[in-house]
Amino acid sequence: MRYLLGLDIGTSGTKTALFDELGNTIATATYGYELFQPQAGWAEQNPEDWWQACLNGIKDVIDNSKVSGSDIKGIGLSGQMHGLVLVDKNYNVIRDSIIWCDQRTEKQCEYMTKVLGKEKLIEITGNPALTGFTLSKLLWVRDNEPENYEKVYKVLLPKDYIRFKLTGVFATEVSDASGMQMLDINTRNWSDELLQKLEIDRNILADVYESVVISGHVTEEVAKLTGLEVGTGVAGGAGDQAAGAVGSGIVKEGIISTVIGSSGVVFASTDTPRFDKEGRVHTLCHAVPNKWHVMGVTQGAGLSLKWFKENFCRKEIDEAKEKNINIYDYLSKEAAGSKAGANGVIYMPYLMGERTPHIDPNVKGGFVGVSLINNHADFVRSILEGVSFSLKNCLDIIEDMKVEITDVRVSGGGAESEVWRQILADIFNYKLSTIKASEGPALGVAILAGVGVGIYESVEDACEKIIKGQDVVNPNCDNIALYDKIYKVYNSLYPRLKDI
């Protein structure tokens, strides 16, 4: 039997997963790390923490599975998108990585728009200037830390730093590079026009490949540290959303993915680039060769529930521990005790600004409609509903772009909640299906690696064989009209919050 390894460098931790060529999960390991917030709206991580988590994870899955390193035929890399990793000429990290949810770069986005124009930015990169994307972060370092900018030898994304540590090669691939906002998504290569106008040296960018291409091979040093075979191929891989889409079989038009992770994403594959003129959803290169995708993103999805848990659930955490219940399962059960509409409480999930449909890094979240009748369960349910309303905003825009929708699949940590899945089905008014690909992005990039090393003929062929549907959730007809009414109120609240 041949095996494939998938690494998913996430925001809260790195998951390492080993699969056989049939897509069965053989072993997994997850190691967490810190997120630093030096100021409000800032978010940073230490790339060396990612690397240590990868080393530990690889060693664990090899040791626990008893699979020989020589039987692992390929490695795929997935990672949180948009993070800025700066490396000097000695291959050392210059500063902590500024990651995807950081919102400090508003001035740099204004500069990008002034120099290039909003329409030109969308035409080239598929997106207007965005605070979360990599380019504005690079410009922020140039403006505010010139001593660090002068040291820059290479600009990398989180997963591509791990690629360098595994292989010694500086490389990226089209799906993740699309989120840097320096790639021409039409040609699937760096935009010389954009780089020249913004006075950025193309040489500081890594070579860009299609996601299935083997971009490097495991070094002797890494083999000794991990148990991998020297020369094992490392595929281009994908940004976490494209990787998760492959791992859920979202590789052709008509199939829509909704992911409830730290952020929330509605993702659709397209055969040609599709653009929203207002830039409310992202258009990026897919990890599938010669395909693209549109993607709406809400910043504070699972992040909202995590924030609420950490600040307002001391009692619930203690009770969950006593009963040996996962705290999120506990909160999900609690939310089920509140009726649809959360007894009037509406949650706006803008804890880290917003991207879709409001490109607004400064908007703040809030609970609206609170009265003396409300209890803890209402607040928990309102979070699940508010995030789902925000995801509905994403879906509406994609529908307005005339993207075909025949099948909606849901995944991510939030989708493990039966209550949250039902709420989402009711608000979307679509039948939802979950996927037996619980490892999501890690499986997706393992598939990409499998194509790269010749185990699978194509991404589509592999997904057809491996990805199978699981549970189906039908909308509850009793709740559809109620949620439609609340959705209208929800949409009216942003203008009232944006100036607070």
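Glycine residues also receive a Cβ, built from the backbone N, Cα and C atoms like all the rest.
Whatever TrEMBL says is automated annotation, not expert-curated.
Feature list (source: TrEMBL):
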{"type": "ACT_SITE", "residues": "Asp240", "note": "active site, proton acceptor"}
{"type": "BINDING", "residues": "Met81, His82", "note": "substrate binding site"}
{"type": "DOMAIN", "residues": "3-247", "note": "domain 'Carbohydrate kinase FGGY N-terminal'"}
{"type": "DOMAIN", "residues": "258-451", "note": "domain 'Carbohydrate kinase FGGY C-terminal'"}
{"type": "SITE", "residues": "Asp8", "note": "site 'Important for activity'"}
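Of Met81, His82, Asp240, all annotated as recorded positions, the residue with the shortest Cα distance to Asp8 (site 'Important for activity') is Asp240. Around His82 (substrate binding site), the C-beta neighbours below 8 angstroms that are at least 6 residues distant in the chain are Ile99, Trp100, Gly132, Phe133, Thr134, Lys137, Leu157, Gly179, Met180. Within the model, the domain 'Carbohydrate kinase FGGY N-terminal' (3-247) carries an average pLDDT of 98. Within the same chain, residues at least 6 positions away in sequence whose Cβ sits under 8 Å from that of Met81 (substrate binding site) are Trp100, Leu157, Asp176, Gly179, Gly239, Asp240, Gln241.
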